[in-house]
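What TrEMBL says about this protein:
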- 327-454: domain 'Guanylate cyclase' (DOMAIN)
- 887-1099: domain 'Guanylate cyclase' (DOMAIN)
- 283-307: region 'Disordered' (REGION)
- 62-84: transmembrane segment (TRANSMEM)
- 90-112: transmembrane segment (TRANSMEM)
- 124-149: transmembrane segment (TRANSMEM)
- 181-201: transmembrane segment (TRANSMEM)
- 615-634: transmembrane segment (TRANSMEM)
- 640-661: transmembrane segment (TRANSMEM)
- 696-719: transmembrane segment (TRANSMEM)
- 741-759: transmembrane segment (TRANSMEM)
- 771-791: transmembrane segment (TRANSMEM)
- 803-821: transmembrane segment (TRANSMEM)
Amino acid sequence: MNSYFDSAIEYNRTNPISLARSSEQAQAVQNEKNWEWSYLVRKCRNLELEESYDLYMRRLRVGYLSLFIFIQVAVTVIHTLLLLTTPEITYVYVDMVAYMCSGLVIWLVLSVNFRSELVSKHGWVVYASSWLAVCVMVLMDIGLNVYHATSHNDILNPIYDAYTLYAIYMFMPVPYLLQPIVLGAAVTLCYIINYSFVITAKDDNQMHSIMNEAIYLSCVNLLGIFFRLMRDIALRTTFLDRRQYVEENLLLRYARDQERSLLLSILPAQIADRLQEDVKNRIERSKQQHQQRSQMDLRRSADSQTLKRWRQPNDGTLFIEPHNDVTVLYADVVNYTHLTTTLDVKKLVEALHDLFVRFDIASEEYNVLRIKFLGDCYYCVAGLANPNADHAKCCVDLGLRMIKDIRDVRVKRHLNIDMRIGVHSGDVLSGVIGAAKWQFDIWSKDVDIANRLEATGATGRVHVSQKTLSLLDGEYFFEDGTEKAREDPVLQKHGIRTFLIKSLRAPMHDPRRRERERQAKKLSEASKANFMHNSTLHQYNQVRNQAKLEMCRELDKMPIGRIQLTKVFRRSTRLTQDEIEEENFRRNISSFCLFFRIRNWEYQYMQEPDVMLKYSIALSWAIYMGLLTIQLLSKDARYHYWYIDGTTIILLTMLLVVSWYKKLWIMYVSDAEMTAPNSSLSGFLFHLSDVMQRNVYIRIVIYFLTIFSYVAVAIMQVVGCSSDDDYMDDNPSVEDRVQCFHPWILTNCMTLIIGMSFLFTRIPFIIKSCFSAVITIAYAALVVFEFNYIYSNSPSTNVNFNARYSHVLLMIITLGIFHLMERQTEFIAKVDYSWKRQLMKKQEDALMTNDTIKVLLTNILPTHVADFYLSNQLQNELYYEEYDNVAVMFASIKNFDTDKIGLRVLNEIICDFDDVLNKYSQSLRVEKIKVANWTYMAACGLDVSRSEQVNAPQMKFRNVSLMPNGRRSRYDGARSSNADGVQRVPYGNGSNIALDLDLERGQYEGNVVTSQPRMSTMQSGSNSGSEVVRVMAEFALDLMRTMRRFNAENMQTEYAGSTDYGMLRIGISHGRAMAGVVGISKPHYDIWGNPVNMASRMDSTGVPGQIQVTENTALKLREFNIQCNYRGMTFVKGRGDIPTYIIGTDKDYEFLPHRPPAGAKED
């Protein structure tokens, strides 16, 4: 046996760079269209997530509100303590009382938002409390200005104007965007009025001062609106990612459960688990080997690759298990052979399906495991999957039920059919053998005895052995067995005495029987693995509803922020499971820098593309224009450095154009067929825009260029101004100092720079924090040391309060606000990234599980049948395919006995045959149908594309994407096919590894076998009807060669006196046939029709070491110059005497050419 697994998974060697590039471009287009605030809002509404999102935002707003209260208390306390440093504190008592009282009122007003029940019942509380808190802040700040201006004629500068606006946009629990904008506009208007009528009422250059203040406050509003939008986009993205995580988890779990149920409906759990684990390990090893080979020369031919051999019979890998104390039932349809000659094949299969469906239902009710069909034979076993003390009674009850069922079908369909049933108890071996198209089976002498009991039984009766009868506890009437049974050599050999069950002795209401039926039903339900009845998520709406329920539970796991002050005051010290998971995640992130403790994670997180970069650049351009306008209005024209302004304007405008080029091209130029520009200039700009988004180093350079441009514009206000030493000597007037630069205008510009340095998206948090801190420290040094005199004489925020402290305090408040908010935002982004990694890990595990089960399933059913059964939830519907011409082969190994030779030898032989089978995987491939004892059955021509008719309900579930959020399910979408017909499976960190279709349709070991089968000179891919006969004959010869090699290597000394020991006896026939799946509990693919019956008879009446064919098949083979020798008239059951032929071969099992006799006509 030569089976190969390595070649089942291979890398894509057909220009992977171009394929990756085109897929990246298509993904980039999709990202640009999907990463929009309006799109995310619409998607949440389409998925009916707005209610859940509002609940999450309510929790998040409470967290932000608690942080604001902390900031408000800290600012109030610090400002009050600083006021105690004034030389005359008499004038600041009013300010101190106002700050503390307003702070207390704000805390009391906003604290109502912490009562979730009140807020949920009365939504207006959020708006009312927010408006009232903002009004208190504005009235306190402006009221103090008005009070001091009217009472002591002191002109003071408000310090909480920007602070109030930041509180509105960042901390206030007002939902949505319109209400904060309205509230921010009202606050801005109040401060402009205060500036116009109180602060600058006596200034000569009043209009310029008012315009500067209006521009400054407008820029603050822009920063607030941008933060609000970016936060909503980030949170909605996180929310939708979590929703996708939940939904895909459900879909993947459903797909695995569905495939697992189908697998368990065919194989018992013990065998299925061992096979699944073994296949999984081999897939993993094969992928690792391919990854290692990818580091070498990928241009090496496949022939030069080292392939690993795997043979199932090694210790521990033979999937056979012994079972004691079981009962085997064989049931055969009487008069089936006559039906095959009188009934149309379709009606025959429909009748069998109707009959076997009833048998499957009955076997489940009686907790009996069906093994397989053998044409019209149905055999099963009780007590194997689950130990059952009443296994013999269950089989006898099932036999009586089957007799009743077949008589119902006989009346219903007007057919002359009946049942003959044999039941025997003993020990069996169960499992699977071979390397492809496994079928669960049982072996032992007790199985053979049950088979003989059926063959020698009486029509319409249950024929049991004495051992089985002894287990029935006298609950049945019986009589002696048949005469044929007493004369049967097999039964005589084992000393089997037989009996016929007449009827039940115990009444149906007998307590013992009722208890047994209840127990059998319980065991049946516990062990039932019928995938057609496990469709808990059959409809899309059920998946969606289940996802909604899961999302309600996931809300508690959604991130709030790194700082959660609400937990400080919690009463309970016991953590919930969700909180424990959150704490574990927090430990994976450093406290200060918010780095992942796993360096690789942090690096990959930084490498994530920034689709929102264009918005950051657009905002920076708008803020820069505001700063430039403020500079032009506040600075004398003779001090302007126009070349610096021009350079920075050109630089930022170019960045703006390039960053937006990709999006604008996609919105207004691109179509479904063109995902990138064709012209060189447009393509260059498009590529540059894309690189800016993807490359973190380029983004950092853009970030520094932008902030340096800001600093240059701001610093130009002090360029040309003398230092404090010069002012000390000259003692200039206040007007001269203001003409040089206005301190508060410069401070306001610096606060905008700090805000902008934090609001740039996808820049590492540590860079933002450090750079902003450097700007703050440098400006504080400028205030305190370089221009001390100017700042000390500028308007202060409080009477007799050092103005330098006011400037520095405003900078520190701005830095603290943005730093804390950025920590919260960065933490949520890290949580989202961590969830994405979890999703990737789950998908890799799910894909591995799916690939494993797929290999198993497609080694049990043909590929298209396995896909069909995984795509549809059939109840009692018949799946069948009609073919005009199919070649069928039966190959029996002569004189091998399981008891003497053992299953390992049988497995060796079947695995070798399966290796040969794998060579025939071309357009006309050979399909293994079944193995029955020492007989191997195969067919050629069972290609669904050649089928005249396929009776299959429309696929409704798996073949469509279930992702209504615009992102195709990774489970469905992860596999895409390229031109070479190889399916791509995401594996590892983005690398593409191909799962060859041979893995899914062929051998357990995978199997790209480099050697080709011996073909004639004609094209093997021909679709002519006669071609299937030639391919089947060549396959039969390959089996004979394989069997001869096996005998020469392993069985030289066995049966020295036998001439046909271990020889193959093969029969082949062809014609119209039907293939399909009958029954419901265990999908079993089989074929029916005249070629099946005739191939079986050609085998049973054949000659060891020869291939016997029917006359029609011989005539077809002669068309390919293959010699077919007339054997004579052979008696065939159901047909009488018919002419048969032997294919001519030489001693090397090569075809002999056809030479028709001269002047004579063969009979």
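The backbone N, Cα and C atoms fix where each Cβ goes, glycine too.
As the structure is a computational prediction, the values presented were derived from the model and not from experiment.
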Interface-richest range of 90-112, 124-149, 181-201, 640-661, 771-791 toward the transmembrane segment (62-84), CB pairs under 8 Å: 90-112
Winner by Cβ pairs under 8 Å against the transmembrane segment (696-719), considering only 124-149, 181-201, 615-634, 741-759, 803-821: 741-759
Cβ contacts the transmembrane segment (615-634)/the transmembrane segment (803-821), at least three under 8 Å, sequence gap 6 or more: no
Same-chain residues near the transmembrane segment (771-791), Cβ under 8 Å, at least 6 residues beyond its ends: 704, 707, 711, 718, 721, 723-724, 727-728, 737, 740-741, 743, 747, 750, 753-754, 757-758, 803-804, 807-808, 811-812, 815, 818-819
Intrachain neighbours beyond the transmembrane segment (803-821), with Cβ under 8 angstroms and 6 or more residues off its ends: 67, 71, 74-75, 78-79, 82, 85, 157, 159, 162-163, 166, 170, 227, 563, 743-744, 747, 750-751, 754-755, 758-759, 769, 772-773, 776, 779-780, 783-784, 788, 791-797
Long-range environment of the transmembrane segment (124-149) - Cβ separation under 8 angstroms, sequence gap at least 6: 94-95, 98-99, 102, 105-106, 109-110, 112-113, 118, 155-156, 158-161, 163-164, 167-168, 172-175, 179, 183, 187, 190-191, 194, 198-199, 798-799
Tally of residues which DSSP labels helix, strand or coil - the domain 'Guanylate cyclase' (327-454): 61 helix, 38 strand, 29 coil
For the domain 'Guanylate cyclase' (327-454), the mean pLDDT of the predicted model: 86
